[in-house]
Amino acid sequence: MPRPIGNLETTTDSGTGSAAFLFQPAHLVPFVQAWTWQRLWQERLLKGADSGGDPPPEAVWLLQHPPCYTLGRGASEDHLLFDPEHPPAPLHRIDRGGEVTHHAPGQLVIYPVLDLHRHRTDLHWYLRQLEQVVIDVLAALGLRGERIEGLTGVWLDQCKVAAIGVGCRRWITQHGVALNVNCALEGFESVVPCGLAGRAVGCLSDWCPGLHVSEVQPLVCDALAARFGLCLEPNADAAIAEGRCW
């Protein structure tokens with residue numbers, strides 16, 4: 001199967017070179033820890049907007065979680081096929097849209113904390129751009145990703161490979177995309193993924209055997225930079241990523 005080769009050539013219809021730190025932890029990051037990082041950065045952007053000074057950089061995290069489940073703000077526990085008091089992995093109700101999803105190693109999670117005032121203050125546009133990022137990545141792998149009318153996410157051959165759910169406060173985003181690269185899918189059998197009964201879930205490695213997250217990450221960076229007009233600056237400083245210093 002085709003493999004990642006070089007940079008994507010895509011046309012951005014958003015900002016013009018907005019600065020953004022890129023954090024790519026090499027270790028598995030517990031969900032609550034990553035959620036805390038996003039909220040701290042969101043607060044930083046909000047305070048920067050209120051101060052009237054130079055705007056702080058935006059931020060993007062690309063990482064993997066240990067097994068867990070997350071429920072969106074209004075998600076129904078009817079879509080859990082287990083007792084929520086005794087989940088098979090940690091269960092979190094969080095401040096994003098959407099229903100229940102599963103996270104696990106081998107799934108690349110993309111968390112952009114962006115100020116949509118620098119791009120476009122339109123959540124429908126933002127969700128479609130996140131879908132397009134995934135579609136661009138799949139195209140670089142020689143795969144044809146598809147949308148389904150009325151739903152959010154990206155599918156391959158009717159199998160959902162990317163779930164999308166976001167939170168937004170005063171146009172500052174958090175949460176984002178969960179892209180199944182080479183994760184085990186058994187955890188999805190304990191829920192109705194995204195509340196969509198009867199729809200299959202897949203991994204990119206089903207179409208590209210041997211594919212690893214490390215091969216997909218640079219493609220995601222290229223697509224994010226192109227679609228959102230970001231100047232991504234890799235930053236390995238854990239203190240900055242975790243909000244302990246700026």
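Just so it is clear, glycine is given a Cβ too, placed from its N, Cα and C backbone atoms.
Sequence annotations record features per position, and here Swiss-Prot assigns domain 'BPL/LPL catalytic' to 54-240. Among the features that Swiss-Prot reports, substrate binding site is placed at ARG96, GLY97, GLY98, GLU99, VAL100, THR101, HIS102, HIS103, ALA163, ILE164, GLY165, GLY176, VAL177, ALA178. For LYS160, the entry in Swiss-Prot reads site 'Lowers pKa of active site Cys'. What Swiss-Prot records for CYS194 is active site, acyl-thioester intermediate, and it gives sequence analysis as the kind of evidence.
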**Q.** Site extent for substrate (largest Cα pair distance over ARG96, GLY97, GLY98, GLU99, VAL100, THR101, HIS102, HIS103, ALA163, ILE164, GLY165, GLY176, VAL177, ALA178, Å)
**A.** 16
Q) Cα-Cα separation of LYS160 (site 'Lowers pKa of active site Cys') and HIS102 (substrate binding site), in Å? A) 13
**Q.** Candidates GLY98, GLY165: member of the binding-site residues with the richest Cβ shell (10 Å)
**A.** GLY165
Q: Grab the pLDDT values for the domain 'BPL/LPL catalytic' (54-240) and give me their mean, rounded.
A: 94
Q. Hey, how far is HIS102 (substrate binding site) from the residue listed as 'active site, acyl-thioester intermediate', Cα to Cα, in Å?
A. 9
Q: Work out how many Å separate ALA163 (substrate binding site) and the residue listed as 'active site, acyl-thioester intermediate' at their Cα atoms, rounded off.
A: 8
Q) In sequence order, which same-chain residues at least six apart have a C-beta under 8 angstroms from VAL177 (substrate binding site)? A) VAL109, ILE110, LEU130, VAL133, VAL134, ALA162, ALA163, ILE164
(Q) Distance check, please: Cα of ARG96 (substrate binding site) against Cα of CYS194 (active site, acyl-thioester intermediate), rounded to an integer number of angstrom. (A) 12
(Q) In the three-state scheme derived from DSSP, which category covers VAL100 (substrate binding site)? (A) coil
**Q.** ALA163 (substrate binding site): secondary structure state under DSSP, collapsed to three categories
**A.** strand
Q | The one of VAL100, ALA163, CYS194 whose CB sees the fewest other CB atoms within 10 Å, among these recorded positions | A | CYS194
Q.
Rounded to a whole angstrom, what is the C-alpha distance between VAL100 (substrate binding site) and CYS194 (active site, acyl-thioester intermediate)?
A. 5
